[in-house]
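*Asks:* The structure under discussion is supplied below as structure tokens; questions concerning it will follow.
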Amino acid sequence: MATLPPRKSQTPTRICISKQHLTPLQTLLQMGFPRHRAEKALASTGNRGVQIASDWLLAHVNDGTLDECAPREYIIYACPTGPFLQQLEEFWAKSRQMCGWNGAHNYVPHITLVSFFKAPDECSLQLSKALKQVVDMTGALLDRPLKLEPYMSQNFMGFFVAEEDANYLKRLALQYVKEVSNSIISDTYEQLDAIVACFPWCGAVSSGTRCIPRSSRSISLEPHVKSLHLTLAYQFPQAQFNALKALVETLDASCASNWELRLYSRDPRLATKQVQKVVYPHNPHETDELELRIGDYIYLNTEVVDSSSDGWAEGISWLTGSTGHLPVNYTERTAESDAWTLHRVVQLSKSVASSLTSAEDLDIVDGRSISTEPDDRQNTAHPDIIEGSSFEESEQSVEKYLRQTLKPCLELPSVQLLNSHNLTHQHNPNTPTIEITTNMSSSSTSMSKQPVDEILVEPPAAQPPRPDDTLSVHSDHSLHPGSLDASHAKNRKIYIMRHGERVDFTFGTWIPYCFDEFGNYMRKDLNMPKTLPRRKNSPEGWQNDSPLTNVGVYQANLIGQALLEAQVQIDHVYCSPSYRCIQTCTSALEGLKLTGKQKIKLEPGLFEWMAWYPSGVPDWLTKNELTEAKFDVDLDYEPVQPASELTARLKESTEQFYERNHDVILQLLEQTTGNILVVAHATTLDTCSRQLTGGVPRSTNELRQVIHKIPYCSLATVEQVDGVWKLVEPECLPVTHSKNPRFEWNALSAT
């Protein structure tokens, strides 16, 4: 038998083995990506592998800065974990809710060890390695809580690190700067001019075994080691000092025993921007608009957000790098650090309660922790984020992310009606017959497999039914005047209601399709009104004075019925002159069975912000036109602010808008007694109640944020208790429903 001759050429096995040892950068280069793009992608994704980097490059295909030489900015934090972090997160949430946004909310709780510095993209891997090496070289880990000393002044609140512990952290910072200076500057001395520009603090510390060029010796090396502190609040109004001080005093720093070092980086464009989180998706209608996706972040100029009169601003997408205009109220402000990339986490404590449990729990793009609930964090050590790994578990990470996202939906309360036997023989008239039990510990799998007849239903403790308890099929809703609490019956109330669903927001551009050349209205959908009243300026007049959809009319009627069941008494009715508001008010009064008993008083001063109407006051229907259309308006009512006054307010500021609505509500209260129903716009719920309850006018951005949380037919109740007005829970439940897009019948025959 012939001897098998050896092969001189490289075999497939050797080729396969060699490819397995390629670095992510080499793989990206083999895929055809230019070096500078590949390095930028790896740095932007924290060196988490080829798949994530290539996805980033594809997402940024329309990023105009993709080929720019713009080094990322890096920073090193010492971050608390465990019980102390939970305290701080609760403080962050409460301080923001009670006192509004301040500078501390822009970042995760931290102690800054090395301030922002710039580094070229090819150095990101070395920066990450250096952090681990520094801790390994130091050796000693914290075995007790850091000593933190509270400090409070009129413009700053926080904890300062005691000298002994501060020295330990300073040594880490100094050693890191030294390590980076040696490894990066010396190893890339031929590119020193570029490095010097990126590292303005490097050069003072050098190694005797390395050759650092003379031109670098004048560079100052200064890590952030002066007065190490953890900021709790700053840049806050002095009026909030006492409230913040009370919150700070509840913090217990004695449990600050778990800490970790984190290396973050950010897009250099982020340095002067405000970060907004997308909360509602948006598909562009114009070429200059930016697509909004849930999970994306938008970089905006603070000045543009505050000065925009139409609610639109130009922003940059964190996800794609694209620039375009977007509706600001589809986003909400969030911490700037949410849009940073996390490169490395290294433990500083012997007892570990990490906030980042494992590589799988990190967002696969920027490294933020997916789980933000304190109970979801495991008190176990997480492995280091390995630079240059292939990150083959990305699919599992996505699956885990989806499980985390869907968890609230999968753990909805289990609702079960008692069986007919129980309804017939065991029903207690004072006990609601639906039991809602929340099983937060069970998984979606176990819930889906559990037979319905095996759900244990335990009757709740007997209690009088609430008048608005619509979940209870046997609640007593008979109208007994004596059933209301006597003290609450005497208190004066204002019911402020937003109009229902409107045609223009539901169908978009509708006028050209619903009116013929003679101006005759033609219904195009069952959710559109059958007819429209006559108006002198038709159809143009409907452009800024949209009618309700039929769903909107029904929404308003439901609210009226619920108020009737709750035995709400209405003594006066005021309404914005917008047709959609008049329709809403009429339908609500029908539900309240007050048609013909309460006339609608039209008050132009209740109209929404005039900055949204630069072309002037809308051409509303006249009182005669409304009367002809069978609307029961008060023809004799003289408004507090006539429509002519609005013409002079076309450029009113947000504060002036609040003052206008507040002035109207004060005068209405002075002129009347009893309860008042106000039907107007989304803004009205806030502008007519905020100052009345002791608040101050919101900024433009804050107003946009709050109105997006006020859906159609929302109802706010303000009650006067001992001479003080305050927001209270409405007597009726809200109305909630899903979107129902248009059905195209021929879609069934499409091939």
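For all residues, glycine too, the Cβ spot is worked out from N, Cα and C.
Annotations for this protein, taken from Swiss-Prot, read as follows:
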DOMAIN    16-60  domain 'UBA'
DOMAIN    271-336  domain 'SH3'
REGION    367-394  region 'Disordered'
REGION    458-484  region 'Disordered'
COMPBIAS  466-479  compositional bias 'Basic and acidic residues'
REGION    490-751  region 'Phosphatase-like'
ACT_SITE  Arg498  active site
ACT_SITE  His499  active site, tele-phosphohistidine intermediate
ACT_SITE  His681  active site
*Asks:* Can you check which residue among the active-site residues Arg498, His499, His681 has the largest number of Cβ atoms within 10 Å of its own?
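*Replies:* In terms of Cβ crowding, the pick is His499.
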*Asks:* Can you tell me how the residues of the domain 'SH3' (271-336) break down into helix, strand and coil by DSSP?
*Replies:* 12 helix, 26 strand, 28 coil
*Asks:* Please report the Cα separation of His681 (active site) and Arg498 (active site) in Å, rounded to an integer.
*Replies:* 5
*Asks:* DSSP secondary structure for His681 (active site), reduced to helix/strand/coil, please.
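*Replies:* For His681 (active site) - judged by DSSP and reduced to three states - the answer is coil.
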*Asks:* If H, G and I count as helix, E and B as strand, and all else as coil, what does DSSP give for His499 (active site, tele-phosphohistidine intermediate)?
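*Replies:* Once the DSSP labels are grouped into three classes, His499 (active site, tele-phosphohistidine intermediate) ends up as coil.
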*Asks:* Mind checking how the domain 'UBA' (16-60) divides into helix, strand and coil residues in DSSP?
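*Replies:* Here the numbers are 32 helix, 0 strand, 13 coil.
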